[in-house]
Amino acid sequence: MEEFELDTAVHLSASLSPIELKQATLKMNGNSDEDERQRGGEEIQQKEKTLEESLNDINEGPPYSIYSSFEKYLIILASSCVAFFSTISSPIYLPILPLLEKQFNSSEEGMNISVVVYSVFQGIAPTLFSNLSDQYGRRPVILACLVIYILSNVGLALNNSYAGLLLLRCLQALGIASTVSIVSGVVSDLTTKRERGLYMGTYTSFSNLGQTFGALIGGAIEVSFNWRAIFWVLAIASGTVGILFFLGVPETNRSMVGNGSSLPQRFRIISRPPILTLPTFRRRRIRPGEQNPTLEKKKKFDLLSPIKTLANAEVALILTPSSVSYSLWLMMLTTLSVSIQKTYGWTSALKVGLTYIPAGVGGMASSILFGKLLDYNYKRVYKKFLKENEALDQPRDQAEFDVLQTRIPVFFGPVILTIVGTLLFGWSIDNEINVACVIVGSCLLSAGAMPFVTVSTTILVDMYPNKSSAAVACLNLTRCLTAAVGLAVLSLMNHSMTIGGTYTFLAGLTLISSSSLLFLYVKRDFFHERRMRRIEEHRSG
């Protein structure tokens with residue numbers, strides 16, 4: 001069942017044209033002259049009155065979040081530092097695959113299985129932990145995930161068997177993979193629709209720094225020490241981030257703290273960071289015994305919530321190309337590691353790690369760019385909607401705005417980048433063209449694939465704001481399981497179809513799957529009307 005946030009402030013500010021807004025402001029300040037009032041007529045006078053009354057209501061009402069824009073950025077960036085370990089754990093591991101192949105007397109296919117099992121648990125874990133974060137709060141669940149992750153890294157550093165490697169990689173993913181969807185919930189807790197694209201783009205780009213520098217860091221550590229040191233570094237670094245998170249990041253779950261003005265009542269030692277004792281935060285809290293109107297109703301724990309979300313036709317149409325592009329991206333990273341060493345003869349793990357930087361930078365930059373484009377397109381279309389529907393004067397009527405029409409067009413740029421980058425990458429390796437072409441191809445592919453995550457996550461949070469972590473867990477489930485299948489057959493495809501043929505096939509698959517977005521956009525009126533009927537049924541029921 002779709003649930004939509006109400007953004008009253010946007011409705012008020014955008015419901016007047018620039019000239020009318022200026023006239024309304026002049027009247028409220030007592031500075032408009034008689035001629036301007038007469039030219040406005042009765043219609044503008046009525047809007048002036050409505051605007052003045054509404055602005056007074058907003059000033060008297062509680063803000064959506066008690067935190068300033070700068071504080072929101074700090075909270076999201078600090079939370080992104082936790083999610084960073086989810087994104088770095090896969091690429092930091094890729095440069096040492098040939099070394100582990102020899103260490104455990106395995107094969108290329110055997111090492112790919114260690115990547116596959118990580119992807120499987122990366123998809124499954126959020127279905128549990130994300131639901132727990134919606135139920136019990138973001139902080140306790142994130143801290144529990146970090147403990148599991150730290151212990152698994154210690155185990156990997158001490159491990160001496162192939163079976164142990166697979167088991168501990170599963171535990172590693174089980175611990176840290178959920179933080180991606182949980183931090184998406186944090187972004188949803190703090191932001192409204194009109195600003196969410198930029199914050200979500202900032203979060204995904206910062207957390208994806210692990211994908212940018214993971215392979216380089218892994219290669220540098222292996223060259224300087226050995227492969228075991230990689231897992232020791234992950235354990236120590238994540239432990240340090242965990243301590244800082246415990247001390248300084250507040251709980252944001254709106255069913256527990258509302259807009260941040262209430263203190264969580266469960267797991268007080270874990271849920272209340274010491275930083276909230278500072279006077280600047282204490283002044284913003286409501287008084288004991290006061291009702292907090294921003295508290296939202298707590299959702300029931302539902303382990304099948306991601307599956308139910310996927311049953312929504314719109315969600316399925318959006319997640320299909322997102323899952324394919326993510327799988328393609330991860331398959332590219334795996335192929336890059338093996339091909340650079342076997343095809344181009346680069347045996348140094350550090351040099352192999354350097355080849356991942358352009359892909360990471362391209363993905364990070366495009367996530368920010370398309371995040372800003374999401375916000376721009378939303379504001380542009382929403383303003384046009386309000387101008388055409390000036391009669392909508394009740395907050396609930398804002399649900400009638402079809403947010404998908406502002407989000408889906410942003411997908412089409414990444415689709416083109418992904419296909420071009422995929423073809424360039426695959427055939428450059430297949431024909432052993434200069435390695436620079438391979439790197440450029442990987443950069444373009446990443447620049448196209450990463451925005452799929454930003455846009456898809458933003459849409460899911462828009463559609464399910466009250467259970468955002470569970471909704472994003474649906475995205476993780478589909479994309480990670482799809483990636484697991486792709487990685488499992490990658491070596492077989494490369495051997496039977498050649499690398500060029502494999503990536504031509506994947507480019508075609510990306511194009512075909514992206515047609516679902518075009519279908520959803522063309523049929524947007526049909527889906528929107530159906531969504532409105534469900535909302536009305538939910539309200540009447």
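A Cβ is built for glycine as well, from the same backbone N, Cα and C atoms used for every other residue.
Residues or ranges marked as transmembrane segment in TrEMBL: 73-93 (among others). Outside the transmembrane segment (73-93), and at least 6 residues removed from its termini, the chain residues within Cβ reach (under 8 Å) are 67, 114-115, 118-119, 122, 138, 142, 145-146, 149, 172-173, 176-177, 179-180, 183, 186-187, 190, 199, 202-203, 206-211, 213-215, 217-218, 230, 234, 237-238, 241-242, 244-245, 248-250, 252, 330, 333, 356, 360.
If you look up TrEMBL, you'll see 75-525 marked as domain 'Major facilitator superfamily (MFS) profile'.
Taken from TrEMBL, the feature transmembrane segment covers 113-129 (among others).
Residues 79, 82, 85, 129, 132-133, 164-165, 168-169, 171-172, 174-176, 178-179, 182-183, 228-229, 231-232, 234-235, 238-239, 241-242, 245-246, 270 of the same chain, all 6+ positions outside the transmembrane segment (141-158), place their C-beta atoms under 8 angstroms from a C-beta of that stretch. Positions annotated as transmembrane segment by TrEMBL: 141-158 (among others).
Long-range contacts of the transmembrane segment (164-186) within its own chain (CB-CB distance under 8 A, at least 6 residues past either end) are made by residues 75-76, 79-80, 82-83, 85-87, 89, 100, 104, 113-114, 117-126, 128-130, 133-134, 138, 141-142, 145-153, 155-156, 200, 203, 207, 238, 252-253, 457, 461, 468-470, 472-473, 475-476, 480. Taken from TrEMBL, the feature transmembrane segment covers 164-186 (among others).
Taking Cβ pairs closer than 8 Å, the transmembrane segment (198-217) reaches residues 72-73, 76-77, 79-80, 83-92, 94-95, 180, 183-184, 187, 190-191, 233, 333, 337, 350, 352-357, 359-361, 363-365, 367-372, 374-375, 446, 450, 453-454, 457-458, 461 in its own chain, all 6 or more past its ends. According to TrEMBL, the feature transmembrane segment maps to 198-217 (among others).
Feature annotation from TrEMBL assigns transmembrane segment to 229-249 (among others).
Within its own chain, the transmembrane segment (315-336) has Cβ neighbours under 8 Å at 90-91, 94, 97, 112, 115, 119, 211, 215, 309, 355-356, 359, 363, 408, 411, 414-415, 418, 422, 425, 429, 438, 442, 445-446, 448-450, 452-453, 455-456, 459-460, 463, 474-475, 478-480, 482-483, 485-487, 490, 494, 499, 503, 506, 509-510, 513-514, 516-517, 519-520, counting only residues six or more beyond its boundaries. Sequence annotations record features per position, and here TrEMBL assigns transmembrane segment to 315-336 (among others).
Tertiary neighbourhood of the transmembrane segment (356-374): same-chain residues 91, 94, 196-202, 204-206, 208-209, 211-216, 329, 332-333, 336, 406-407, 410, 413-414, 417, 439-440, 442-451, 453-455, 458, selected by CB-CB distance under 8 Å and a gap of 6+ residues from either end. Per TrEMBL, transmembrane segment is recorded for 356-374 (among others).
Annotation comment: TrEMBL describes 408-427 (among others) as transmembrane segment.
Here the transmembrane segment (433-461) has Cβ contacts under 8 Å with residues 184, 187-188, 196-197, 200-201, 204, 208, 211, 309, 315, 318-319, 321-322, 325-326, 328-329, 332-333, 336, 339-340, 344, 355-356, 358-367, 369-371, 374, 403-404, 407, 410-411, 413-427, 468, 471-472, 474-475, 479 of the same chain, all six or more residues outside its ends. For 433-461 (among others), the entry in TrEMBL reads transmembrane segment.
According to TrEMBL, the transmembrane segment annotation covers 473-493 (among others).
Feature annotation from TrEMBL assigns transmembrane segment to 499-522 (among others). Long-range contacts of the transmembrane segment (499-522) within the same chain: residues 314, 317-318, 320-321, 324-325, 328, 331-332, 335, 339, 404-405, 408-409, 411-412, 415, 418-419, 422-423, 425-427, 429-431, 490, 493, each at least 6 residues beyond the stretch ends and with a Cβ under 8 Å from a Cβ of the stretch.
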Maximum Cβ pairs under 8 Å to the transmembrane segment (113-129) - stretch from the list 229-249, 408-427, 473-493:
473-493
With Cβ-Cβ distances below 8 Å as the criterion, list the same-chain residues six or more beyond the ends of the transmembrane segment (473-493) that contact it, or say none.
108-109, 112-113, 115-117, 119-120, 122-124, 126-127, 130-131, 177-178, 180-181, 305-307, 309-310, 315, 319, 322-324, 326-328, 330-331, 334-335, 453, 456-457, 460, 502, 505
